[in-house]
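Reviewing the structure listed below.
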Amino acid sequence: MKGRLQIIILVLVLIIINIIFVFPGFKGEFTSFPLSIESVFITDAKFFITNFPNVFWYPFWYFGLPFYLVYQPLPIVLTGFLSLFPGVSVSHSYRILTSIFLSLSVIGFYKWSLFLTKDKLSSFVGGVVYTLVPSIAYIFLSPSWSGYGFIPLRFVNTWVYGEGPHMWGLALIPFASLYFQKLLRKPQERVDWICAVMLTSIILLTSLTAFVGLVVFYFFIFWYELAKETSVKKMYTAVVLLLFTFGLCFFWYNPEFFKAAFGYSLGEGGGIFSGVWGNFVFTLFALPTSLFLLYLTFSLLLKESLVKYRNVVLPTIIFVFLYLVIYAWFKFDSALFPLPFNTIPRLIPELELSFALLIASILTLLAKKIKYLLSGVVIITILIFGFTQKENFWDITKPNSDFSLTSEYLISNKLNELSAKQVYATGTHAFWLNLFSDAVQLRGGKGGDFGGLNPWWSHLSYLINKNDEKDLTLKWMRSLGFQYIVVNYPGSMVYYHDYENMSRFSDFEEVYNYAGDKILKVPTRNTSFALAVPKGWMKDFTLPKDASSGEIVLDENFVNEYFNNIELKARPIKTEYPSDNWSKITIPGGQLKNDEEILIRQSYYPGWTAFSNGKRLKLEKDPIGFMRLEEPGLDEIALEFVPRRLILPVLLSLSAFIVFVDFLRKKRFNKML
């Protein structure tokens, strides 16, 4: 009882220290740093809670995409539902939840550290280190990173760059690692199975970056435990855990998601199988060799003659791996290990976690008196240093005093006043636009993230942002229905400057200018969402491809023909949306002629259907990926997106849950384990 009380007191002290330094995060609505992508998560949560349950189609990015291609669901859902409480806005909800996870992350750290070291004081010291000590990554990062003060970089990641969901997942990594390690040692414990599977699934549904970090920890825990005692049962346990995890999460991580995600990661996203890992022969031999050497290393370090140092082995290996991988990325722009989704530079918080764990384990090697003395000195020194840095913690954590004075808000608000339909924006204006406006933004992102359903996004964004061919750029913008473009001219104070050759926009009408950030009106004749176009002209018209690479080429001949038919010959037709359901579109009858078909400027995606008078119409893809109805008829048309491709994944996730419950039943459980 006395030992448990001591643990409770030590953990409470750590929580209080964390709350003190995170405290401004519980207040206000928006970050002080508009370059943060927190706006994206807040926007998604706003969309979810405003349109629930009609949330399957997301119309605001890249001409529309299924909502499950946006971001992981738990931050969106939790942020949205917390905002239902009186006095809590969606943006405030996000800050509250992020601050809670930051404050309580030390609980999992302490519990796992205590499991590894069996030492309450050493784990407490590790918790203090994790809370307040500047990141070890400052050693190799450029001096600009210390511009926010010498604080843990997870605070910079959270409030400056907007990686809140990553920190949510990070708070759960120690818990998940603890239960995974306990499972490998004693796979007969049902509670450990429930905790390990649920925590792993929650992290996977919270942040892909955090999940990649968790996989790194799991990877080394597995080989550590296997080297201690080689057992087929441990391999079986690890495989079953991962199967249940992906089974439970298959409703979200379905084939459509992986198709988009790996298309991004192998292309514009980078970070997986790049550099030397792009060589298949090298990878084929390097990965098995690396695994063998890792197993051999653990086996040597865990020999009986070195039993005194066992507590240090696992934290050391994890820390060294993360340090070297991140160091190589920042110093040499090289991936030492093929981690997906460009996560290597974002794993600094996991590096901080492993460093604090290493410090706690090293303290256990010291003689009792020396450990107590050194621990006291370390705690006092860190607390004194931490409180000298408190203003830096608070400056980075505090909310924006008045976000309505920022360029991002003013530009978005002006576009809202203009009732803008289609807007092309890049950088921070793209991040924040849909939090304050319902304009459909044709994001100038790097290839479209996971959501760019059309293969020409990378080419198009380069064409608009960098290319010096004025006529070609303008024709594409008009063909796609751009109504406004937000351009950041030299002198703009925003973080990202994506545009070159500004003279291309000299003929555009300037609608609004705030400190070099301009809203320009694109001289597009047909900005309508739906168009009546000459029938049949698109039937044999396809996007050209480069003969050698096979990549899409937006050449002049193609755009000239598309431009002539869409911008010069087409005419607008009226469409209607229900007020709370972007998955339905109505096209009133009586608008077409017999020699016309309909083009809808929205991404074609399986699941969209069209009906007229109870008859299903054939919905096809136009040459650049929009929706077209070649035989629409003259009567009213109802279009609806039904995510039929989600039905099987959802059923499989439900089946995985049933199988998991059955797996935990006594007879079945004992038989399998």
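Glycine is treated like the rest: Cβ placed from N, Cα and C.
Lifted from TrEMBL, the feature list:
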TRANSMEM  7-26  transmembrane segment
TRANSMEM  60-84  transmembrane segment
TRANSMEM  96-115  transmembrane segment
TRANSMEM  121-141  transmembrane segment
TRANSMEM  153-176  transmembrane segment
TRANSMEM  196-223  transmembrane segment
TRANSMEM  235-253  transmembrane segment
TRANSMEM  273-300  transmembrane segment
TRANSMEM  312-330  transmembrane segment
TRANSMEM  350-367  transmembrane segment
TRANSMEM  372-388  transmembrane segment
TRANSMEM  646-664  transmembrane segment
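Proximity of the transmembrane segment (372-388) to the transmembrane segment (196-223) is not established, fewer than 3 Cβ-Cβ distances being under 8 Å for residue pairs spaced 6 or more apart. With a threshold of 8 Å between CB atoms, the same-chain residues lying at least 6 positions outside the transmembrane segment (7-26) that come near it are 95-96, 98-99, 102-107, 110, 114, 120, 123-124, 127-128, 131-132, 159, 383, 386, 390, 393-394, 397-399. The transmembrane segment (121-141) shares the most Cβ pairs under 8 Å with 350-367, out of the stretches 96-115, 196-223, 312-330, 350-367. Between the transmembrane segment (153-176) and the stretches 196-223, 235-253, 646-664, the greatest number of Cβ pairs separated by less than 8 Å involves 196-223. In this chain, the transmembrane segment (646-664) lies out of contact with the transmembrane segment (312-330); the count of Cβ pairs under 8 Å, excluding pairs fewer than 6 apart in sequence, is fewer than 3.
Counting Cβ pairs closer than 8 Å to the transmembrane segment (60-84), the top stretch among 96-115, 196-223, 235-253, 350-367, 646-664 is 196-223.
Taking Cβ pairs closer than 8 Å, the transmembrane segment (196-223) reaches residues 72-75, 163, 165-166, 168-170, 172-173, 175-177, 179-184, 234, 238, 241-242, 244-246, 248-249, 252-253, 261, 291, 294-295, 298, 314, 317-318, 321-322, 339-341, 343, 346-347, 349-350, 660 in its own chain, all 6 or more past its ends.
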